[in-house]
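Undergrad: One structure, pasted below without further comment.
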Amino acid sequence: MGEALNGLKRTMMCGEPREEHVGQKITLMGWVQRNRKLGGLDFIDLRDKTGIMQVVFGEEINSEAFEKAKSVRPEYCIAVTGEVVKRESVNENMPTGFVELKCESLKILSESETPPIYIKENLDAAENIRLKYRYLDLRRPDMHRIFEIRSKTTKSIRDYLEKNDFLDVETPMLTKSTPEGARDYLVPSRNYRGMFYALPQSPQIFKQLLMVSGFDKYYQIVKCFRDEDLRANRQPEFTQVDMELSFVEQDDIMALNEGLIAHVFKEVAGVDVKLPIKRMTFKDAMEKYGSDKPDLRFGMEITNITEDVKDMDFVVFKSAIEAGGSVRALCLKGGATLGRKPLDKLGEFVKTYKAKGLAWIQLKEDGVKSSIAKFLTDDVTNSIIETMGAETGDAILIVADKESVVFQSLGALRLELAKQFELIKDKNEFNFTWITEFPLFEYSEEEERYTACHHPFTAPMEEDLEFLESAPGKVRSKAYDLVLNGEELGGGSIRIHDMELQQRMFKALGFTEEQAWERFGFLLQAFKFGPPPHGGLAFGLDRMIMFLAGTENIKDVIAFPKNQNAYCYLSEAPNIADEKQLTELGIGILPKQEKQEQE
């Protein structure tokens, strides 16, 4: 049984003692990192979140403590009191390595079984074990550092926004399901049998209602939930830095958030963000980088060579051009040395992005080599080389198809080449850009209708309003994303604040007037009472912390994350609900086979 503190107070953290504390009597508390014997003495490395301190036990120092220390094992939680003395053998690798504590009193506060993971930095352990014993994983110093960064970041964000007159307002967690986008997490109501709340995917409608309420500037650091198929760096519940402002335009919101980013990155990471952050339209981003979140830490832009090859007698190029597609290419510097096997692998790679294949031209010292050599004339080859700005030693990698496939496949290939050939020279670089003028709609082949690229409340650009009903695919939006090193850090838009325009938007999305009022009636009703022009933005806090902490795994920055299947190894959630609870809610569970037949 563990001993009680009985009034004993910790006077210093384990990582704090230095030479100036020699001669002082202190009390430390923490966990045993390791213990060892040497020359009739026992040594314990005592650890807390600040670091490690060596504690020495000896018969001549204190016989009772010396005897007690013999039973101590790794991860025992203990308290030690004694005098700080200079170490005979200095350890310059530790901040506390010039001193040690001569233990005069030892309390074993609690014992520990042999831990399933070793508490150390850069732990190499299976993810399911780390998540099951997350409380042990979180004892590691590198994990503590991440959560100190997270805490410092949220404080920095709050300081900046409140200095700019933002008000922190909480919005409901139990809200209405408005199916549009990702699936909702549903919560059954006991009081309203057969009815459900939804956990919010974002506070979108409520923050707009706060603008109608005259709050002017709102922010919230808030949990959001999406029941979607998880990718590597997605979680079913995530944290968002959410904000909304009244009487603003796009430039106002972007300028404010540039200031926020500069403030946070300087205060938390000592990084100077160059302002103003550059801007790029969605169209330019797709045409140059094949992505609406381009990584600008390296070059290799996509180049359109359709004009150069339009007269070639090569059916792949010809059919793509005739179908309204294009032929585009990347120039890989030094790519002429690639053999047939790696080139074939790149061809297989682009096929995973629906491309039909990859044509290539290599500019070798002894001439041109190409997978489509028999279709190339000297004039066409020279024209392609000139357009691409290619030189001897380079390779030109070509895809022909409809533009969505060309952009997607070459965009992915560009990133793959950057990885293979280590084109990103400075891994610590933070390269920001704004992407603007997103399409307002995208066409869903599955649903056979247009869906909102962002959400149904995004304002269209005035000059494109004439196409809202006749050609929705042409309409650009007042939406903007902030991209960092090829990842979306945040996004937002100017909102529709006119009820008539909002109803037109719903109609363009295929909603009847009745459906629009059923789903969003509380917003439309509010729009009858003088809504101000407004807009906002939301940052993914978890992703921001990943950048600031230098980790590529989102699970590292969340205290108790789920795995890729939205399962919690620690608490074993989700679990089977009690039959009594289900009866109270009026819920019955279909057998698995019956459920599949229903589907």
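Counting starts with 1 at the first residue shown.
Just so you know, glycine gets a Cβ as well, placed from its N, Cα and C.
The shown structure was predicted, so the numbers you read here are calculated from the model rather than taken from an experiment.
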Undergrad: In Swiss-Prot, ARG226, ASP227, GLU228, GLU488, GLY540, LEU541, ASP542, ARG543 are given as binding ATP, so which of GLN220, GLN235 is in that site too?
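TA: Among the candidates, Swiss-Prot records only GLN235 at this ATP site.
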Undergrad: Write down the single range among 144-147, 204-207, 420-423, 496-499 that appears in Swiss-Prot as region 'Aspartate'.
TA: 204-207
Undergrad: What else in the chain is close to the region 'Aspartate' (204-207), if you only count residues 6 or more beyond its ends and a Cβ gap under 8 Å?
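TA: Counting only partners 6 or more residues beyond its ends, the region 'Aspartate' (204-207) has Cβ contacts under 8 Å with 171-172, 175, 178, 218, 220, 242-244, 455, 457, 520, 522-523, 536.
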Undergrad: Measure from the CA atom of ARG226 (L-aspartate binding site) to the CA atom of LEU541 (ATP binding site) and give the result in Å, rounded to a whole number.
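TA: Between the alpha carbons of LEU541 (ATP binding site) and ARG226 (L-aspartate binding site) there are 15 Å.
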Undergrad: Roughly where does the region 'Aspartate' (204-207) sit in mean pLDDT, to the nearest integer?
TA: 96
Undergrad: Cα distance, GLU228 (ATP binding site) to ARG495 (L-aspartate binding site), nearest Å?
TA: 25
Undergrad: Roughly how many angstrom lie between the C-alpha atoms of ARG543 (ATP binding site) and HIS454 (L-aspartate binding site)?
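TA: Spelling it out, the Cα of ARG543 (ATP binding site) and the Cα of HIS454 (L-aspartate binding site) are 19 Å apart.
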